[in-house]
Amino acid sequence: MKWTILTALLIISAESKNLYKRDSEPHIRFLGEVYKKVDTIDFRGLVLITLAQHLQKCPFEELAKQVEQITTLAQACAAGARHADCATPLITLFLNRICAVPELSATYDWSTECCAKSDPERHQCFRAHRNPAPGTHYKRPEPEELCESYKKNKEDVLAHYIYEVSRGHPVLYSPAVLGFAYQFNGICSHCCEEEDKTTCFKDRMTQLKKALHIVEVQQKESCRILDNFGVRVLQALKLVKISKKNPKATFEVAQKLTSEVTHLNEDCCHGDMLECMIERMELTEHTCEHHEDISTKLKTCCEKPLIERTHCIVNLENDDIPEDLPKKVTKFVEDPEVCKLFADKKDIFLAEFLYEYGRRHPELSDQLLLRIAKGYEHQLEKCCELENFLECLKDGEHVLADAIKESTELTEKDCAIQQKLGDYLFQNVLLIRYTKKMPHVTTPSLIHITKHMTEVGDKCCALPNTQKMPCAEGGLSLIIGEFCEMEKTHPINEHVKNCCWKSYSNRRNCFTNLGPDDSYVAPEITDDTFHFTEDLCTLPEEELKNKKQGFIATLVKVKPHVTDELYGQIAVEFTKMREKCCAAEDHQACFNAEEPILIEHCKQLAA
C-alpha cells in the first residue's frame, strides 16, 4: 500500500491550531529547566539512568557521586545561578561530565576517540558504543537482607535497582525505568511485610521482569518499524492505537497526539535518550492538560506525580465508545462526494477513515485495521474509475466483512486447539508447522519462537472475545518482528524474506499462510542424525520437554513431507523407548540397542 495517508497527519497539523506546541527548530534543553519539571528524587533517578546507560561498567559508587554533583548544580541553576554549566546544552553537559571521569579510557578504549569529537558527532559516537553488558541484569539480594536494607535506606535500595536495570537495558526509555522502580518500591513495601517473603518476592518480581521485557520489546518493535518501513507506517500504527484507546477524541486531537507520539519515538529510537526522556514527560503533561478532550479515563492518571502518570497513561484501558456514535460511517461508502473527497484530499480522507474505523472497532487488531485501510484505498482506486462507483464500494464491504471473519475465526480456531491440547502439545503442533515453513532455522530458535507463540495464546485466549484478536495478533507481531530482525543477518528463504519486509500490516497473515519451503532438500537420515543418552532419564521436566521437541524438529527436517499423524506415531515410539530404557538396569546400553530400531522407523516414514 502507498502509505501516503500518513502525510495527512503532518498536513493537518499545519492547517489547524496546534493542540501541542512544538518548535520548528530543535529545542535546546538546560539543566535547571529539567530540574523544575520533576521532584528531586525523580531527578536523581533520571540522572542516574542517563549515566548508567552510557557508563555500563562504572561502579555504582562512582556514578552516585556524579549524581550528587549534578543534582547540586541543577538546584543552583533552577534558583538562577549564573554558573557556565547552567547555560550549557544538557547533552553537552552530560557528555562533558562523562568524558571527565578519571581513567575513562582504561575501561572504555573507544572513549578517547568519542571524547575528542564535538557534538553532535560526540553524542553519536557514544550512542554507537552503547550495548547491553553481559551479567548486568538486576540480581535481587535474599529477601531478609533486602528488607533490612530497604528498612534502613529505601532510597539507596531503589537507586541500586535503577542502576542495574539501566546498565542492563541501555536503550530502555528513562521514564520506563523510573516507572519500574516505582513498581519495585511497591513490591518491597508489600513483600517485606509478608510472612513468606521468598514466595512473595519470587511471584511479584517474575511479573515485573515480564512487564519490563514486554515494554522493551514494544519499544524495540517501534524502532524496527521506523527503520524498516518508515515513519509513515509507524505513524499509521500509532493513529490506530490512539483512535482505539480514545474513541471520544476528535480526529484533530487524535492526529496531533499521533504526531507527538511518533516524533517522540523517532528521538528515542535514534538514541537521543535525554530528549526522549524530556519529550515523554512533556507529552504526559500536555496529555493531562487536555485530558477532557482525550479520554474520560485519564483523570485518575493525571492526578499522580509526573513520572507515575506516564506508566499509568501507557497502560490505561480503552475509553468507552460514545453511545451516540453511529456504528457505520456512511461518508466512506454512500456519500456521492466520496470520490471527489478522495481525489481532492486523499491523504486526509484515508487518515480519517483509519481513525473512524479504529475508534469503532477496538475488538480488531491494529494490524487488521491497517489491512482494512489498505483494502479500502485499493477499492477506492478501482471504484472511482467507474460510473456506478457507489455500487462498487458497497461490494467492497463484503470483502471487508470476509477479512474480519477470517481473522476472527483464525483466533477462535487456534484458541480452541490450544485449550483442547494444552500448552505443550499445542507448541508441538506449532513446532511441526513452522519447521516445515522454515527448516533452515536452528532447532533451538524454532523451539524458542513457538514457545513464545504458545505463551501469547495462553495469555490472549483467556481474555474476553473483544480483546482476544488485538492481544493475539499484537503479541505475534512482536515475535515476528524479533524473528525478522534475525532474518536480516541470517537469511532463510525468499518466502520468509517476502513475509518479513513486503508489508508490516500483512506480516502475520503472510506467515500464517506460508507453505512448506519448496526449495528445501532434506538430508538423509544417518546414524549421526539422532543420539539418545541416559540423561533422558534424569533431566528436569522442562529440559526433557525441550529434548523431545528437539527430536520432533529434527524428525521434521529429515522427513518434511509426512503427515502430522505419522510424526505423532514416532513421538509415541520415542516416549515408549525412553520409558523402557529408564526402567532398564543399564540405561545407556538399552538406548544403544533401541536407537537403531527407532532410526529405521524414521527412515521408513513416507518411504
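Cβ coordinates come from backbone N, Cα and C, glycine included.
Note that this is a predicted model, so its numbers are computed, not measured.
Disulfide annotation in Swiss-Prot: Cys276 is bonded to Cys268, selected among Cys268, Cys269. Between Cys288 and the candidates Cys301, Cys302, Swiss-Prot records the disulphide pairing with Cys302. The disulfide partner of Cys510, as annotated in Swiss-Prot and taken from the candidates Cys484, Cys499, is Cys499. Of the listed cysteines (Cys484, Cys581, Cys582), only Cys582 is recorded by Swiss-Prot as the disulfide partner of Cys537. On the 0 to 100 pLDDT scale, the domain 'Albumin 2' (210-401) averages 92 in this prediction. Close to Cys302 (disulfide bond), meaning Cα to Cα within 10 A, are the following disulfide-bonded residues out of Cys115, Cys312, Cys384, Cys510: Cys312. Within 10 Å of the Cβ of Cys499 (disulfide bond) there are 25 other Cβ atoms, across all protein chains. When the alpha carbons of Cys269 (disulfide bond) and Cys301 (disulfide bond) are compared, the span between them is 26 angstrom. Taking a C-beta cut-off of under 8 angstroms and a sequence separation of 6 or more, Cys460 (disulfide bond) has the following same-chain neighbours: Thr411, Cys415, Gln467, Lys468, Cys471, Ala472, Gly475. Sorted by the number of other CB atoms within 10 A, the disulfide-bonded residues Cys223, Cys302 start with Cys302, the lowest.
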